[in-house]
Each structure stands twice: as C-alpha cells, then as structure tokens.
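Asker: Before anything else, here's the structure in question.
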C-alpha cells in the first residue's frame, strides 16, 4: 500500500517542475525553430525591427567571447571582410555623444570612407571636411536632419539622405540609433551640381537587371551630377550573381539581411547580416544567397566619372 502513495507523491512533486519547464519553453526559444523574420515574427508572432540582424548578428561579439583571438575578419591587398567582432568604436571627431567605427578608409586604398555611427540620447553630428559629400542610411532608431535653411526631415529605419559637398546640415537623435555613413571627396564636372536627396528604400522602383535574377534599387539618380550611387540588392535563397564581376569600380558593402557565400579573388567567405566587405578595383567578385531568408545588401559604387580623373 505504501508504493502507490509514494508514486503519487513523486508525480505531484514533479508537476510544479513541469509547469516551470513549460513556462520556460513559452518565454524562450524552446522547440521553435522558426527565425523571427520580418515576415513571420517567429514563435512569438512579434515582428522584429527591420535590419535587426545587421545590428544584432547571429555571430555577435558576445557569442565569440569563449574563442579568444578568433575573428572572421580578413584583410588582403584587394579586398577585406570586416565582421562585427572586429569593430572598434571610439568617439567620432566633433560629434556629440556618438561613437563611430571606421570600416573602410583610404588607409586600405579606398577613395571613400564607410563607418558606423552609434548615436544616443542628446547626440549630434559634425560636418564632413570641406569638399566631401556624405550619404547617411538609418539602420536602427531615427534621426532629425536639419538644413541650414531651416527645413527638417525625420529619417526612420531604411531611410537615407544624400548631402552634397559643403552643404551645412546637422543630425540629432534622442534615442539609440545606428547609422551607416559613406563619405568621399566630390569629383566635380563643370556645369553639374548634385542636390540634397532624402528618401527611403521602399519608395525606389525596381530596376531591370538583364541576365540576372536579383532585385535592384538605386538610392541616388543615375545622372552626371552624382559621382557614386548606393545599390540595394535582394536575393532569394539559392539565387546568385550570373556575372563573375571584374571592373574598375570600388565597392563598400554592408549585408543587411540574410547569409551566403561571397567570392573575393580566390577566396570564398561565408557571410551574414552585419558583415562589411571592401572590394578594390578589378578584384573578382561573386555572391550566392543561402539559408532560409532573403539576402539584402547595401552597396557603394563609384559611377559617372572617367577612371583617369
């Protein structure tokens, strides 16, 4: 008679533990294998912010703390892969309450700079050097862009602004905000002058890509006043570039969503959201999208100027 009572006590005492375990599954990842993508929301059904993995990558620096000395970053003569665990943030010159990490600069042979700016409550930008144009793209948070004329623009995630060289402006933010910024010394053509442009990716039309399968948007006009452009390129899983590109243009790339394999020269790199790539002129380059979600990357490209200039 004692055995049934003992079993009953064991089962009863285990019930609270089972409830706790079930609760843990409910609040954690549990058995859900779905990624919380912008489309599905994962198990919780709550959609994460756009480009959340660009600022919170799968292999974030915190995940690599138990691998001292390990990095996926690579620097070679004609290309570089800069991954998040290698980012070094420090105060940006003349900016207020803002940290920056320079990812690409003339020190590696580029004719432009590409950097991340992390703004916080009460932060404010500084102007670029004289003769330098700037493009700002919002990855996280929001900013208020003010022109010298007094006009203002609110930029949310996936919005951007192109500021011509020597145009006075300021950017402020009162929340945690991450920007990717491109700057280069403007190459003038007599009689042509670029204009201020404020826009968002989703407002840009899809462009024809003969012979290719990816979707392409361009953030700036293709006309002569503009000496560079920013391409937004989307690949579905399994899609890849048909052309194995070799050209005189330089590239600065930030992977906003997804993962895949990037060929640079004779090297093949697994890449994911948050990774940055520098491509020098004439380095062979090719990309294939892998995984379960689409790839989207942002790509700097110099255009509309004779390479001899």
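Every residue, even glycine, has its Cβ placed from backbone N, Cα and C.
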Asker: For the substrate site that Swiss-Prot gives with 285, 297, 301, which of 245, 257 also belongs there?
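Answerer: Looking at 245, 257, the one Swiss-Prot places in the substrate site next to 285, 297, 301 is 245.
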Asker: Take the mean position of the Cβ atoms of 245, 285, 297, 301, the recorded substrate site. Which other residues of that chain put their Cβ within 8 Å of it?
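Answerer: After dropping the recorded site residues, what remains is 231, 251, 253, 279, 287, 299.
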Asker: Looking only at 245, 285, 297, 301, the residues listed as binding substrate, what is the longest Cα to Cα distance in Å?
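Answerer: Among the residues the record ties to substrate, max Cα distance equals 16 Å.
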Asker: What three-state secondary structure does DSSP assign to residue 301 (substrate binding site)?
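Answerer: Residue 301 (substrate binding site) sits in a strand per DSSP.
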Asker: By CA distance, which of the binding-site residues (245, 247, 251, 285) lies nearest to residue 301 (substrate binding site)?
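Answerer: Looking at Cα distances from residue 301 (substrate binding site), the smallest one goes to 251.
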Asker: With every protein chain in view, how many other Cβ atoms are within 10 Å of the Cβ of residue 285 (Mn(2+) binding site)?
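Answerer: There are 22 of them.
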Asker: Which number gives the other C-beta atoms within 10 angstroms of the C-beta of residue 301 (substrate binding site), all protein chains shown included?
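Answerer: There are 16 such Cβ atoms around residue 301 (substrate binding site).
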